[in-house]
Amino acid sequence: MATSNLLKNKGSLQFEDKWDFMHPIVLKLLRQESVTKQQWFDLFSDVHAVCLWDDKGSSKIHQALKEDILEFIKQAQARVLSHQDDTALLKAYIVEWRKFFTQCDILPKPFCQLEVTLLGKQSSNKKSNMEDSIVRKLMLDTWNESIFSNIKNRLQDSAMKLVHAERLGEAFDSQLVIGVRESYVNLCSNPEDKLQIYRDNFEKAYLDSTERFYRTQAPSYLQQNGVQNYMKYADAKLKEEEKRALRYLETRRECNSVEALMECCVNALVTSFKETILAECQGMIKRNETEKLHLMFSLMDKVPNGIEPMLKDLEEHIISAGLADMVAAAETITTDSEKYVEQLLTLFNRFSKLVKEAFQDDPRFLTARDKAYKAVVNDATIFKLELPLKQKGVGLKTQPESKCPELLANYCDMLLRKTPLSKKLTSEEIEAKLKEVLLVLKYVQNKDVFMRYHKAHLTRRLILDISADSEIEENMVEWLREVGMPADYVNKLARMFQDIKVSEDLNQAFKEMHKNNKLALPADSVNIKILNAGAWSRSSEKVFVSLPTELEDLIPEVEEFYKKNHSGRKLHWHHLMSNGIITFKNEVGQYDLEVTTFQLAVLFAWNQRPREKISFENLKLATELPDAELRRTLWSLVAFPKLKRQVLLYDPQVNSPKDFTEGTLFSVNQDFSLIKNAKVQKRGKINLIGRLQLTTERMREEENEGIVQLRILRTQEAIIQIMKMRKKISNAQLQTELVEILKNMFLPQKKMIKEQMEWLIEHRYIRRDEADINTFIYMA
């Protein structure tokens, strides 16, 4: 009923009836004078009533407000412009602006009804709606048109002068600059981009003045103080400008003023002097000036492509310094694998420390270190390994390689074998040193060479039972697996340990079976090792030797025992890998000699004639050993380095085993003895096996050739694997993928890749694309 009456009387209440009551309250609010609660609420209801009853009430209110606001702003303008001095003007403006801007949030509230009637918006008290209020917009637009647009350049220039003064060390009220910034940010009427006026004016002026300042200051400072002091200056100024920017520039999320300012500063302070600063890098790296390098790194990391020259300098230094140190120590490290590995680790730790302290282990610098260190590890300057390859009876040489993998394997052997080195270390220390070897191994390109030598040493340790710690031996296999060694290689090593354990059980059964039987040799004195040919991969070459009767008679007994337990398997005897202990008795004393089967066969030639002299020719007939093996074996008995009195004597004297003739005479040294601390020992034990290889010269040649042949097969397999998957591929992409597949075994040489590609084309596995000879197509 009440609503219908109001509507019936619509038009009877006019704007003019209420404005006289509203007007004084509006003026009080503009002047920041206090109003009563009743006046505040009356203003809300009067605005609502006028908008509801007077058809043109909303427009009239809007116009009246505009006039009042304009009048108020004119008064403020007069107060501001009464100051001629720019700084005084700025201060006056900030005072007036702060008061006015506060009222921009208060005055629009009672006039929310205007939003509904003029714009058709639903009434809301949300802050976001208040910011879009037409009254607020009216206030800000009027301020902008009446005051700000007329004096903004003076205000802006004054603000920039204050910032300039601050850069020179003068103090001032920072709120003056902040106030100007706030004006720019809040006076934009563009709803699509509310920061447009700020960006086009204040931000641009701030960036331009900053750049001008440092374009003048920076070159002067550099010239007077030098590069190293300038870097400190630039770093300090960048930090200083960032703090200043956070104070004076807009920091809301959608605004990137601070980032733009920092880019401007970097251009003026760093990019402009990039070449001059980087010229110092190489010298700093050489002098290990980590603090200065860290400073340079932090500066150059802000510059596009600023880091690349530093990475190049680091790589060049690691390679040149690393190789220089290796060459300087060449005399020692080429003959001592322990010293060699220690030298490599010293270099790695030195360069790693440099990267950590100077570049905070930044991944880019770690990659540069790895690349350069790999070059040092795989360099063939100091010592090289040449792997021969025979094709159709012709001996060919492959490209020389670093001997590093061989020396790493030798060092592992020193740690894993019973040696003076391993005896003075605890298990934990041995483990730590092996882990260090694995670290270096990661950088070795041709890991297949390491595998070959490591396996040869392991074979020797397992056969001679000279491992320092069996648990560490088996752990080493798993560590090799963890560092990415090929699974087939690691599995073979694991199988070798399995064979040794199985052999222990077989020995126990053999001894149990024959404990009451009379054999040529007591069962307790025999240790048989049954080894899987696939895992141990011995050469096909068999070396014949005439064994002593006791051993010859034992062999059938072992074969019969084995066949009872494992039918269908065939045993091949490898005397080359066998060894034993014999007792040497003379008037001086009694000594146990650890010998190879070949040494044993030679010494047994004197068993029935201990004082006779036997010629080289007759020893060859007695032992039936090949010439090369007999010479090598005899030399180990006449010139064993650890003995002062040798087991055998010979005449005439020669410089090497190659100089033995058919007529060279050999005899047992009846005065043989072991001497310790210059005293003759009546009893003792000596290992005469020493570093004698458990392979022949020809076997070693075959193994070296085998490495190359296996590389050829692996390369062919990898190419086919890639071609099957890709079907069609460019030569460059093929080489990249090929290296990725083979990198855990070896780095294929370009020559080898080319040869295998030609072989596969010839045998119609792949073909060249007719349209592009550098593209290959798989032929199913």
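Cβ coordinates are placed from backbone N, Cα and C, and glycine is handled just like the others.
Quick caveat, the model's predicted, so the values are computed rather than measured.
Of all the Cβ atoms in the protein chains shown, 7 others lie within 10 Å of the Cβ of S34 (phosphoserine). For S34, the entry in Swiss-Prot reads phosphoserine.
Marked as phosphothreonine by Swiss-Prot on the basis of similarity to another entry: T210. Neighbour list (T210 (phosphothreonine), Cβ cut-off 8 Å, at least 6 residues apart, same chain): E241, L261, C264, C265, A268. In this structure, T210 (phosphothreonine) is part of a helix by DSSP.
Mean pLDDT across the domain 'Cullin neddylation' (711-772) comes to 85 in this model. The feature domain 'Cullin neddylation' is assigned by Swiss-Prot to 711-772.
Among the features that Swiss-Prot reports, NEDD8 cross-link is placed at K724. For K724 (NEDD8 cross-link), other Cβ atoms within 10 Å of its Cβ number 11.
The separation of S34 (phosphoserine) from K724 (NEDD8 cross-link), Cα to Cα, is 87 Å.
According to DSSP, the secondary structure content of the domain 'Cullin neddylation' (711-772) in residues is 41 helix, 8 strand, 13 coil.
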